[in-house]
Structures are given as C-alpha cells and as structure tokens.
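Peer 1: Under the heading domain 'Pseudouridine synthase RsuA/RluA-like', TrEMBL lists 5-121.
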Amino acid sequence: EQVLAYYTKKGEKINPHIVTRLDRNTSGLVVFAKFGHVHHLFSKVKFKKEYVALAYGHTQSSGVIEAPIARHSDSIIKREVNDKGKYAKTVYQRLMQNETASLCKVKLLTGRTHQIRVHFEYIGHPLIGDDLYGGNHPCVHVQALHCCSVEFIHPIYRSHYLINVDYKQLIKLFNMV
C-alpha cells in the first residue's frame, strides 16, 4: 500500500508486486517490481540477503547451522528442526555481545520459512522479542530481526545491485537488554 501510494503521489501508474518477502514482524529491506511482467522475471533471479539478529545469550563468535526445517506438527504457522524437513543452512557471525545478548550478522544459504528464527532457537539462542520461538522479553515488543542487505542482478538491465540499510534500531535494542 505504501509503495502504491508513493508512486501514485508521483503521478505514476504502477501495479507493485512484492519480489522479496519478510516474515511478519521482521523489519528491513523488501524489493518490489513495478509491474507484473517484471515480477515474473524476478522469479528466476537469485537474491543474496543478509540480516542482523539480536539473540539471547552468548553465541559462538561465528557458526554454521545446518538443520532441516519442517512445519510443526501442531501448527500451520510454526516451523521446527525435524529430520523429515527440507535442508536449511544458516551462517552467522557475532558482531557484539553484552551480558544477556549477542548481535549477529546472518546469511541465509537456503530460504526456508522462519529459517533464522528456527535455527537460532535450535542452537539455544532464540531471537529477542520473538514470541513464537521462545524469545519473549518483558521490555522488547518487536522481533529483533532486520534485513539489512539485498544483492541481485536485475533481470532486464543485467545490472548488479547491492542495497544496504542501517540497523541502528537493533543496536539501540542491544544497548537496552
């Protein structure tokens, strides 16, 4: 709605389509196509995305999490690590830590639903503010996961794009917890 309103205000008639998605309550970058035919072309594009996550506890300085993910048996929304699930691989590097939390840069090497959230719960470090996967916090009412970088080759122009945004809000949260 906001993208459509922006272009309507500029006098452009577009029909925006979401190209990259984020989990509900995850903040950060989302890529849109102005038109449906371009959206279709983007379906063949490989995106590299990076996130910043604020996790409970002290993670290792870096790590690779390889654990299959499947739908949880009791929920259509929740996912879990399960041997019968689809292969999933997450790589992370700790940027900072304090007494209670670790701020990590995270790369997805596969794209499963809730992958970062499930994998961090699996290693015993749920994301702060993530009520679904055990990261409840009495003072933080947002999920501490932010898409900070998207990289891709444009399907028409063949140009390389690397889009970065800051993650100051997560650093503020890090300093609060």
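Backbone N, Cα and C atoms are what each Cβ position is placed from, and that goes for glycine too.
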Peer 1: Over the domain 'Pseudouridine synthase RsuA/RluA-like' (5-121), what does the predicted model average in pLDDT?
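Peer 2: Average per-residue pLDDT within the domain 'Pseudouridine synthase RsuA/RluA-like' (5-121): 95.
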Peer 1: What is the number of residues in the domain 'Pseudouridine synthase RsuA/RluA-like' (5-121) that are helix, strand and coil, as DSSP sees it?
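Peer 2: Tallying H, G and I as helix, E and B as strand, the rest coil: 19 helix, 44 strand, 54 coil.
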